[in-house]
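What follows is a single structure, written as structure tokens, with notes after it.
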Amino acid sequence: MKIAILSRNSKLYSTRRLIEAGRKRGHTVRILDPLRCYMRIAADGFSLHYKGKPITGFDAVIPRIGASVTRYATAVLRQLEFMGTYTPNPSDAILRSRDKLRAHQLLAAQGIDMPVTVFGDNPDDTQDLLSMLGPPPHVVKLNEGAQGAGVILTEKASASRGVVEALRGLYANFIVQEFIGEAEGADLRCFVVGDKVVAAMRRQAAEGDFRSNLHLGGTAAVTEATEQEQEVAVRSARALGLTVAGVDLIRSKRGPLVLEVNSTPGLEGVEGVCGVDVAAAIVQHLEQSVRRSAG
């Protein structure tokens, strides 16, 4: 196969591992910086160009799209989709995952449990809005934040109101969620490829923080996801239209709750902690999917 990887940096761990895995299995792999791609759209057809030359002949494209370039990079990916290139994570699915409110609405529509989430705009409704969550602590999240950025824990009702009012003053879109205390700052990252969880790790927040992201000082250890947790993770990815995803769950008294579905999950943490060749699993999934679509 001829595989394209949409990535701004070929030296990033995840990008390097996907290149290695693809070439090891005999495929031609090329890195495309999405911001260097440009396109022609007309009724007589679609074309994509890169550094002065047309891009043609790719069987599959793996999107590694950072949050800061979401809009442009998904437009490039969509162009490749219209040109008949297979992708495990379509452009519309990535856009769903990057909008926390929309993602939670789609998950809830499939009966997938999550922390209770509220969203509202008018300041006159703030008190009633927050009352739907019960007493604090509350978790306020920017709607398009990533990697733990823009996530605030408020421990008093006055703090919740203050943060909500401040974000409205900045015209920021945000959601507010109930805080699940029994999770004790830990979550479960399930790495979904196709219709199964290929690796899982338990992440623990650093002392004094409640966010378990590894780059914020959290720690991780390999763990075994239960059958229920694996089912929830796969259903969550499917609900957004993704076949490669990092699904973050917390273990609660009412079962696994979905925090987020990441459409561009990093490989370094999960491969290093779990000792699983996730990159190879992704490439094998591409092979199977392209064969099915061709047949």
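Glycine is treated like the rest: Cβ placed from N, Cα and C.
The feature ATP binding site is assigned by Swiss-Prot to K141, E178, F179, D187, R211, S212, N213. Taken from Swiss-Prot, the feature Mg(2+) 1 binding site applies to D248, E260, supported by sequence analysis. Among the features that Swiss-Prot reports, Mn(2+) 1 binding site is placed at D248, E260. Feature annotation from Swiss-Prot assigns Mn(2+) 2 binding site to E260, N262; the stated evidence is sequence analysis. Look at Swiss-Prot and you will find E260, N262 tagged as Mg(2+) 2 binding site, backed by sequence analysis. Residues annotated as domain 'ATP-grasp' in Swiss-Prot: 104-287.
What Swiss-Prot annotates, mapped onto the structure for a quick look.
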{"residue": "K141", "record": "ATP binding site", "DSSP (3 states)": "strand"}
{"residue": "E178", "record": "ATP binding site", "DSSP (3 states)": "strand"}
{"residue": "D187", "record": "ATP binding site", "DSSP (3 states)": "strand"}
{"residue": "D248", "record": "Mg(2+) 1 binding site", "DSSP (3 states)": "strand"}
{"residue": "E260", "record": "Mg(2+) 1 binding site", "DSSP (3 states)": "strand"}
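The Cβ of E260 (Mg(2+) 1 binding site) has 21 other Cβ atoms within 10 Å, all protein chains considered. For E178 (ATP binding site) paired with E260 (Mg(2+) 1 binding site), the C-alpha to C-alpha distance reads 14 Å.
Counting only the Cα atoms, the space from K141 (ATP binding site) to E260 (Mg(2+) 1 binding site) is about 11 angstrom. Within 10 Å of N262 (Mn(2+) 2 binding site), judged by CA to CA distance, lie the following binding-site residues from the set F179, D187, D248: D248. The C-beta environment of D248 (Mg(2+) 1 binding site), restricted to residues of the same chain at least 6 apart in sequence and closer than 8 Å, consists of D187, L188, R189, C190, V258, L259, E260, V261, N262. Across the domain 'ATP-grasp' (104-287), the model assigns an average pLDDT of 91. Comparing local CB density within 10 A for the binding-site residues E178, D187, the maximum falls on D187.
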